[in-house]
Amino acid sequence: MKRYHIDILVIPFLLLFGTHAASAQFEKKIDSLKAALIKYEAGKSKDPSRYGAMADTTKADILYSMAVNYGNLFSPQAGVYGQKSLQLSEKIGYSKGISQALNLLGNEEAMKSNYPLAMQYIQRALKIAEETNDLQGQADYNGNIGMFYAKLSKYPEAISYMMKSLQIAKRRNDSFSIAGNYNNIGVMYSEQGKYEEALKSYAECLKVQLKTKDYYNSSTSYQNIGDSYFDCNKPAQAMSYFKKALDIAAKYGNKQTAALSYIGIGKIYNTKHENDKALENHLTALKICQEIQDAYGISSVLLHIANDYFGKRDYANALRYVGRSLPMTLRNGELDLTKRAYELNSMIYKALGNYKSAYENQMLFKQTADSIFNYEKEKKFTQLQMSYDFRIVQDSIRAVHQRKELIAKKEVSYQKSIRNSIMIGMSVVVLFLIVLMIQRNKIAQIKKQKALEEERNRISRELHDDLGAQLSTARMFLSSLNANKIPGDFTQTVSTSLELLDSSIADLRKIMGDMHTPILMEKGYLAATEILVNKVNLLHVIKFTLTHHKIDKIGDANVEHQLYRITQELINNTLKYAQAKNVSLDILKRDGQIVLMYEDDGIGYDITRIHRGHGLDNIQKRAESVGGTAEFDSMPGAGARTIIEIPLP
């Protein structure tokens, strides 16, 4: 069940339901704002003397309001008008207009899951709010940053920023914002399983709501407290709060909270195996969700109803309700509910003795679980990039402040001498960099030629002494079989094998005479590695997964060459020794480095005993030859992991 929380800290359009009535209201507001904009432009054109530069703040505010209302309609025009408002505000030096436009654009990027860019926008907005002592802006923007971290499941960081927003809201005596922050902090604790802390935050939220007579939202707090007690395995307390939430929600028209409370009560009856009572509450919740057009709520409660019928052994109705939910979850991309639907189908078919359908749905359940896992993995990559980008923003802000302090300390009489000193210093630095770059290029060329020659000789020897000998021995063995009298079908198999071996030996000789990698030279490391991985997967021995994040080309030929040889060595070790079923190769850029993470689930090895036997020294030396490092982590029976980090040129 999706836990409800109040996103009061984000742009107002995140609070509203997308009903037809609301859509019509937003469209009407946009038409009114367009008319106001035309009227303003006409007046300015008719009598420019009445409109000074700062008069355009009115226009900036109109553009911003249009962006907000387009955002309520989930229209891409929100970003267009947000940019227009930002550009005009920057032109006229309108600080509030700049910060509110940046905040809106940040939320637009967050809705597209582009959190690094969203963070940059909000950080800029927060900086302006702090410089202009805009406490409301500081509260809102700190809260927004907290929400972004929450979307990335980085809950401690989210709580830290929400706490900052809470303290500022208390200074402003903003009761609505105080309650909202307490509520959101409670949600963050709940997501981490810290239910006692969550209950404390929800209680503080409820206290503020009751004091200010905000009974509509107080019903949500009662419902959230009920959820936390249910998660703590305290059904009696949970039931009490769910019923309080229902009473208040019915009185003040909070239908979404009412639906969630009915679902919670139904879950409590499920734990008591009172499926008839559970079904009654879930059917009531379904009716409410349909009234308010809550797509996620409808999909979720349909599965609860299916589960109730499954508990009653009414498998026909159980299948029917799963069948109603599943197309909705697939259409809306709700992976958590899709996974649950396939799992329920598998359980139902198994109970009916239809093991084929049960198996098919179990496979779909696992595929969906894998998709969720991959999404979480991608989200971790986003966190890495986001942390990197966040540091860049912080460093940039810090540099600006330092520069201002330096200028403030210097007297005007010294400016000319400082400028001359800087020019002389820059000339010396440029000259030094030119010499350094020439020397570095010479050294890189020497290293590249040496590494290529050593690699050519090593692989040629290995192909000749190891693989060549094995292929020749295999041919002799098959030839001896072919000489004996054996069944015709088997004779054909042996003959075919001999032909393949002959072809392999011929290819081997060709490779030994031409030890270069055309794909690597022409298309680069990523393309060559993808082809290599695809060839390994064609063997159907190991499932090999390759992912790379925000990387186009590495650029440096020597780095690409060493990375490719390291990758070959790692794959060769896995095929020879690991007995693995699954291998993952993740490649990403982080903190000015290219990072290669290679993991398998094989038998592992003792690093101290067979370090050289697995070619790990070669990997280490190749990484060090381009200024990088290699880290090996393995033990018998626990698979192996290798992390290569190489600075980007």
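Each residue, glycine too, has its Cβ placed from N, Cα and C.
The domain 'Histidine kinase' annotation in TrEMBL covers 458-649.
The repeat 'TPR' annotation in TrEMBL covers 99-132 (among others).
Per TrEMBL, repeat 'TPR' is recorded for 139-172 (among others). The repeat 'TPR' (139-172): residue composition by secondary structure is 31 helix, 0 strand, 3 coil, according to DSSP.
The average pLDDT the prediction assigns to the repeat 'TPR' (179-212) is 94. What TrEMBL records for 179-212 (among others) is repeat 'TPR'.
If you look up TrEMBL, you'll see 219-252 (among others) marked as repeat 'TPR'. Nonlocal intrachain contacts for the repeat 'TPR' (219-252), taken as residues 6+ away from its ends with a CB within less than 8 angstroms of a stretch CB, comprise 1, 3-6, 183, 186-187, 190, 193, 195-196, 198-199, 202-203, 205-206, 209, 258, 260-262, 264-265, 267-268, 271-272.
According to TrEMBL, the feature signal peptide maps to 1-24.
Summarising the annotation, TrEMBL assigns transmembrane segment to 421-438. Remote same-chain partners of the transmembrane segment (421-438), defined as residues 6 or more beyond its termini with a Cβ less than 8 Å from a stretch Cβ, are none.
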Response to the item:
Across the repeat 'TPR' (219-252), DSSP labelling yields 31 helix, 0 strand, 3 coil
